[in-house]
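S.K.: Attaching a single structure in structure tokens format; questions to follow.
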Amino acid sequence: MEMKIGVIKGDGIGPEIVDEALKVLNKVAEVYGHSLSYTQLLMGGASIDEYGVPLTDETLKLAKESDAVLMGSIGGDAKTSPWYQLEPSKRPEAGLLALRKGLNLFANLRPAVLYEELKGACPLKEEIADRGFDMMIMRELTGGLYFGARSTEMIDGVLTAKDELTYNENEIRRIAVRAFDIAMKRRKKVTSVDKANVLDSSRLWRKIVEETAADYPEVELEHMLVDNCAMQLVKDPAQFDVVLTENMFGDILSDEASMVTGSIGMLASASLNETKFGLYEPSGGSAPDIAGKGIANPIATILSAAMMLRYSFDLDREADAIEKAVADVLRDGYRTIDIMSEGKRQIGTREMGDRICSYIM
Ligand code: IPM
Ligand code: MG
């Protein structure tokens, strides 16, 4: 298969971790006989430095022309980086939001898995960690508070800020359908998270999710209020299979879920639209404090590349091979510093990439 991949290395540790993912993709292409071509794209801080804006029209166009985009991470230290002296609409994060919107990436998949080998990293009590967990957070990504009208103005002499939260039924239905489709391939349970005891947008959310559920009689649906969900994630994460939620709640809950795994450097993500196109990126940030030191964990980006093969190219066998290689490397005791524990062997970013490649045959 021929694959045209846009590559956004990004800021901070982005370039280092993406290089390892590309190494792994090249190995897969060699072993399984595929042809890959890469187009380097600038977004975030790197684009500000080059063009003065975090995303140019040209970059968006090139991204659209790719089959999929693999991304590192963007942004810098908000206290020290000059990017954060710019007005909010010109900062690195604005580029990411414009890219999500411009590519219509409404479905964000964030798996949070407790790896058997890394159970020790889980900050929860042993009896909870022992049960393990494997959930998929499905976050709506192009609506809600993130993309509503906002303003800050003086009203009757009082400085007042406003952010609008809007969802229409179509926006809810399309992400709900995705969540149920994915649940059908997993343990057939959807937990839809909202704040229906307060918000109108959540009451509509619940209604549309229930209508959608009628088409999936095999899938168990439950509704959960977002505050309760925040508690349940630390009390009993094993109860969750697919967690379906709106943009802002999903932002918060997915960070919580990743923390509970104890190893954010391991978590991949995919952002999808109606077509096969997707943007794939690690869940973690750009970690400017360790950039360039060769110690960042590239596994989340490597697993994001595996998600890309699975969701954009239907190459399940190849995706399985990458996931298995990651599991093998962990089994054999190799760790980057963020997941290091006693008796294991600590290695750097590049060696982790090389070792994972060596298990793909
Ligand atoms: C994420 C990030 C972004 C978000 C920021 C960087 C705008 O936190 O991908 O979760 O809030 O969506
Ligand atoms: Mg976030």
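Note that Cβ sites are derived from N, Cα and C of the backbone, with glycine treated the same way.
Copying in the features that TrEMBL gives for the protein in this structure:
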- 4-356: domain 'Isopropylmalate dehydrogenase-like' (DOMAIN)
- ARG100, ARG110, ARG139, ASP227: substrate binding site (BINDING)
- TYR146: site 'Important for catalysis' (SITE)
- LYS195: site 'Important for catalysis' (SITE)
- ASP227, ASP251, ASP255: Mg(2+) binding site (BINDING)
- GLY285, SER286, ALA287, PRO288, ASP289, ILE290, ALA291, GLY292, LYS293, GLY294, ILE295, ALA296, ASN297: NAD(+) binding site (BINDING)
S.K.: Run through the Cβ atoms and count how many others sit within 10 Å of the one on ALA287 (NAD(+) binding site).
M.R.: 23
S.K.: Could you pull the average pLDDT for the domain 'Isopropylmalate dehydrogenase-like' (4-356)?
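M.R.: Computed over the domain 'Isopropylmalate dehydrogenase-like' (4-356), the mean pLDDT is 97 on the 0 to 100 scale.
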S.K.: I need the CA-to-CA distance for ARG110 (substrate binding site) versus ALA287 (NAD(+) binding site), whole Å please.
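M.R.: That comes out at 19 Å between the alpha carbons.
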S.K.: Kindly assign ARG110 (substrate binding site) to one of the three DSSP-derived states: helix, strand or coil.
M.R.: strand
S.K.: Including all protein chains shown, what's the count of other C-beta atoms within 10 A of the C-beta of ARG110 (substrate binding site)?
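M.R.: Around ARG110 (substrate binding site), other Cβ atoms within 10 Å: 23.
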S.K.: How many Å separate the Cα atoms of ALA291 (NAD(+) binding site) and ASP251 (Mg(2+) binding site)?
M.R.: 24
S.K.: Just checking: which of the recorded positions ARG110, TYR146, ASP251, ASP289 have a C-beta under 6 Å from ligand 2?
M.R.: ASP251
S.K.: For the recorded positions listed here, ARG100, ARG139, LYS195, which shows the highest count of neighbouring CB atoms within 10 A?
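M.R.: Neighbour-count leader: ARG139.
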